[in-house]
Amino acid sequence: MNLVFLALLDNFVSFFRDEVFSNVDTSELAGRNVRDVLKSYFEENPISEPDPGGSGYNFLPEGIANLQNILANLSFGDSLVASAPILLLAASVVIIMGVLGEAFFKKTGIPDILFLMVLGIVIGPVLGIIQPEAVLKIVPYFAAVALIIIMFDGGLNLHIGKVLKTAHFAVILVIVGFAISVGIVAALAHYGLGWEWIDSILLGSIVGGSSSIIVFGLVQKIHISDDAKSMLSFESALTDIFAVIIAFVLFEAMLSGEFSLDLLGATIGKAIMVGLVLGLGVGIPWMFVISKLKNAQHSYM
């Protein structure tokens, strides 16, 4: 642990030496304390006084914009891809915030996903450390990997007997809850925003269901019965399936200009069959492999 900390500290110091102070003549700073250095800097670069009574009172937005430019120059230069120290520093901050958010969740019950969302807004649109254009091409791959890991970990913590015991409750909850959520969102979009019904239902199918990514993480941390955990996990997985299928069918209908219940039924049946074949064909052999390797020691772990 100490070696890891020293390595991170060395990387942090190297970042400031190579990226921040690379163009600074440090010989001019010899024998001077921080207060004198800052004083001379602000004497050479005075901050203009804002006009509180005028219409151009934008001191805070200008400060944020200047900070964005500084960070962009330090991080990216002429490229959309951040330098290695910036990426490592950003990853470290995300991990630390995740740990702090989980600790805060245990104390207050507020999901740690909120901390990560706020952090993403801060390091993205606000500070400009991560440019959206730089990550748009890789986000789908990271999202797919994250979803696979979360669903796999959630499946490992489920008991098949309890899932079957509560499956009928989960199905009822999916049908009623998802239908009501989609209906409310679609009605608000249609009557409130003037959208077409197909666009409104598409929006409802996207935002109307519970996310398995959040549910699988929360049920392992909250104090509820195992049956409730199994039911909520199974319900969130089914909701994701329905949301994806309905969104896919509506996209096809929007592109082709016609909607068919036969297409909806065929898509649902195909998704169920593919899931069962892959789940049973890959899952059962993998259970046997894990049972043989669960106590094995690996030099790379």
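Just so it is clear, glycine is given a Cβ too, placed from its N, Cα and C backbone atoms.
TrEMBL labels come from automatic prediction, so no person has curated them.
Marked as domain 'Cation/H+ exchanger transmembrane' by TrEMBL: 99-291.
According to TrEMBL, the feature transmembrane segment maps to 80-101 (among others).
Under the heading transmembrane segment, TrEMBL lists 113-132 (among others).
According to TrEMBL, the feature transmembrane segment maps to 138-158 (among others).
Counting only same-chain residues 6+ beyond the ends of the transmembrane segment (170-191), those with a CB under 8 A from a CB of the stretch are 197, 199-201, 203-205, 207-210, 231-232, 234-235, 238-239, 242-243, 246. Taken from TrEMBL, the feature transmembrane segment covers 170-191 (among others).
Look at TrEMBL and you will find 197-219 (among others) tagged as transmembrane segment.
Residues annotated as transmembrane segment in TrEMBL: 231-251 (among others).
Listed by sequence, the residues of this chain that lie at least six past the ends of the transmembrane segment (271-291) yet keep a Cβ under 8 A from its Cβ atoms are 241, 244-245. What TrEMBL records for 271-291 (among others) is transmembrane segment.
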